[in-house]
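Let me begin by presenting the structure, written as structure tokens, before commenting on it.
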Amino acid sequence: MYGIEYTTILISLTSITLLNYILKSITRMMDYIIYRFLLIAVILATMINAQNYGVNLPITGSMDTAYANSTQNEPFWTSTLCLYYPVEASNEMADTEWKDTLSQLFLTKGWPTGSVYFKEYTDIAAFSVEPQLYCDYNLVLMKYDSTQELDMSELADLILNEWLCNPMDITLYYYQQTDEANKWISMGSSCTVQVCPLNTQTLGIGCLITNPDTFETVATPEKLVITDVVDGVNHKLNVTTATCTIRNCEKLGPRENVAVIQVGGANILDITADPTTTPQTERMMRINWKKWWQVFYTVVDYVNQIIQTMSKRSRSLNSSAFYYRV
């Protein structure tokens, strides 16, 4: 009887000892595998350059900062630059080779030949109807004219911002603007815009909805009109739809691949609609020269500093899409 008990105890001790030995062996083996794997990983990491797949976000600045002219060290091999100028510039310079000359000068600033495009427009009114901004970076030169100051301000507001627009059926519906970013943009060869505000009973306030002659005229006749009315109030509209298209638009934010360079004038135009805010000057700058050769020389000299205030975008601005984001 006692022999059986001793045998059982001996077997138990032997099993415990054997199990302990097996566990220690497994532990040493796992440590060996882990340490060896880590050693190999460290060695490979020092020999292989890992690729970082992060996004390189552009940094934009403000033109309130004074910029010095300099040559950009890194060429813009993969970027395109569009320079928009009025026809009077080419007429004044009267040089058939002026574009080639400027292309060679842009080359000294890191812009390869063929990456800079020169786009001519007739005047501010004509450019307002068909502003096509297709390049990675777009610089628009606008000659200051006191008689066209408001047209210049509206055009700058249009091209310096992104707008999400929807069609308006003014024959069937009343419309209201919901907030300050909500505007009605009219564009065409001749736009006359009249509005009649309505009360809660849809009766005209100071006007008759059945008689457009009693409507208030907010624009006549213009090629580009950005209409701002009292928010939260329904309006009946009358627009010369035969020569003009009107859309209900929401300002989404700045279009950072566009900059406007005002040529002449005492001050930079204020393109803000809100009279209580500080005038917007970012990507809106001024060159104070009389001759167009001097204007273009200055643009070439400072082009890379101007580009630093902008961000490269893949979207284009095309009036046929009426400023939809694409």
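Glycine is treated like the rest: Cβ placed from N, Cα and C.
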Selected from Cys165, Cys207, Cys244: Swiss-Prot disulphide partner of Cys191: Cys244
Using Cα positions only, nearest of the recorded positions to Gln177 (Ca(2+) 2 binding site) (Cys191, Thr214, Glu216): Glu216
Among Cys135, Cys191, Val229, the one of these recorded positions whose Cβ has the fewest neighbouring Cβ atoms within 10 Å: Val229
Using Cα positions only, nearest of the binding-site residues to Cys191 (disulfide bond) (Asp95, Gly206, Thr214, Asp228, Asp301): Asp228
Within 10 angstroms of Thr214 (Ca(2+) 1 binding site), Cα basis - recorded positions out of Cys82, Cys165, Cys196, Cys207, Cys244, Asp301: Cys196, Cys207
Residue, out of the disulfide-bonded residues Cys207, Cys249, whose Cβ gathers the largest set of other Cβ atoms within 10 Å: Cys249
Spatial neighbours of Glu216 (Ca(2+) 1 binding site), counting only the recorded positions Cys82, Cys165, Cys196, Cys207, Asp231, Cys249 and Cα distances within 10 Å: Cys196, Cys207
